[in-house]
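Notes follow the structure.
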Amino acid sequence: MASASSGPAAAGFSSLDAGAPAGTAAASGIKRATVSEGPSASVMPVKKIGHRSVDSSGETTYKKTTSSALKGAIQLGITHTVGSLSTKPERDVLMQDFYVVESIFFPSEGSNLTPAHHYNDFRFKTYAPVAFRYFRELFGIRPDDYLYSLCSEPLIELSNSGASGSLFYVSSDDEFIIKTVQHKEAEFLQKLLPGYYMNLNQNPRTLLPKFYGLYCVQAGGKNIRIVVMNNLLPRSVKMHMKYDLKGSTYKRRASQKEREKTLPTFKDLDFLQDIPDGLFLDADMYSALCKTLQRDCLVLQSFKIMDYSLLMSIHNMDHAQREPTSNDTQYSADTRRPAPQKALYSTAMESIQGEARRGGTVETEDHMGGIPARNNKGERLLLYIGIIDILQSYRFVKKLEHSWKALVHDGDTVSVHRPGFYAERFQRFMCNTVFKKIPLKPSPTKKFRSGPSFSRRSGPSGNSCTSQLMASGEHRAQVTTKAEVEPDVHLGRPDVLPQTPPLEEISEGSPVPGPSFSPVVGQPLQILNLSSTLEKLDVAESEFTH
């Protein structure tokens, strides 16, 4: 029978740690007799990272459970828990809802609550089902769409799992990512849920991960914890570059092994080398992105979270137009029924559009969820970004890690840092180095109330403000006399001694502006004659001194 329990987070996860009772069917694990519990002598693993290993036949195993069996257990468990939850009346989320753990046993022969299946017996646990139902509703995900995306077709395993050794699955419609997480990360997420709930209520538009469910598959005395999140990188869009950025420089370069992959994940030092000028966004988009990053970092800092990254994939639209189209690699959507409703605020563009709307202009062109940008070559880009790896708190282990690293290296360059400093450095790197505002071009028709003063210098080169006159495109054309002199007159009044440059700074080699236009009569002004100007200055000086 399905059972539910509630209690503190630690108590909730203590049930996760307990293995299946000895002698029960669950102790035999998910794998059938045709699959060995561990690597056999004939099939030895050729690659192992953390709990994840791949044998010579290409079969992935996680905690002695094959990937195919794990995918089947996940789909059976989610189908049951979402279906049973739909029969319960909707209500407001209560505090105790964040600590509820529901458990259901799946014997291979089936039961009055579960269907028969061809895997070994396993137990499936669901954490905070009512709270996560609210999160899914907040993002516009209906129960039938959630089930259809995750359970109608086999999950697709992603080979590029990263250095953590986690398993990654993506739903067949590209909507959701399923990731295996460690016990401490799952425990931290459960403790984080009340604050996460409050933050999403205040602002659902965020670059933070969007969590849709937290589950555990218990088999063979092992607990495999998984989290369902939004998918940042659609497979329907070809990515040309991918970066994992922290704002740190210590060991922040992709390894040679990583570079050999089809789409390597580069790091901070690689970005500084590949794109030293940064990525250029229009003013409204840049402002919206930086405000979103600032708000998200403040939330992470309040929870003492650090060591997170900005995952950024770049689609080069100009390169894509020149590349031959391959039907084999192009993603084709499932056409058996209309595409399910997309999760709200699930793309990078949607995550920052709330800020862009407050600022005024919003990019309305369809960019497939990416943020439009350009590189220093002027090539059109689409950026797919999101903050990842937030389930790390600044605990004793991290403090100790930073302490010994700081003794050997510059403390400011180490990625494991106190949350406040980490957030500040992260924002500074993203908004000053990675993303930059496209400089506005000066408009030749823009009018100013008054031009710059004639006495101002343009720089160390000694150019007079006549060069500034040409840049502003405006200057009052007036012929003045001694009787018309006013103390506050600026340009066009060479008879005002305090505002004239020293004579020794003016040379015949000084640049002279081209024709400008008078805002009064709209006629071209005559090019200034430097010799005539000097003569007028001499006359004015003699008149004021006598």
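Using the three backbone atoms N, Cα and C, a Cβ is placed for every residue, glycine included.
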Region 'Disordered' range according to Swiss-Prot, out of 323-350, 491-518: 491-518
Cβ neighbours of LYS88 (ubiquitin cross-link) where a neighbour is any other Cβ within 10 Å: 10
LYS88 (ubiquitin cross-link): secondary structure state under DSSP, collapsed to three categories: coil
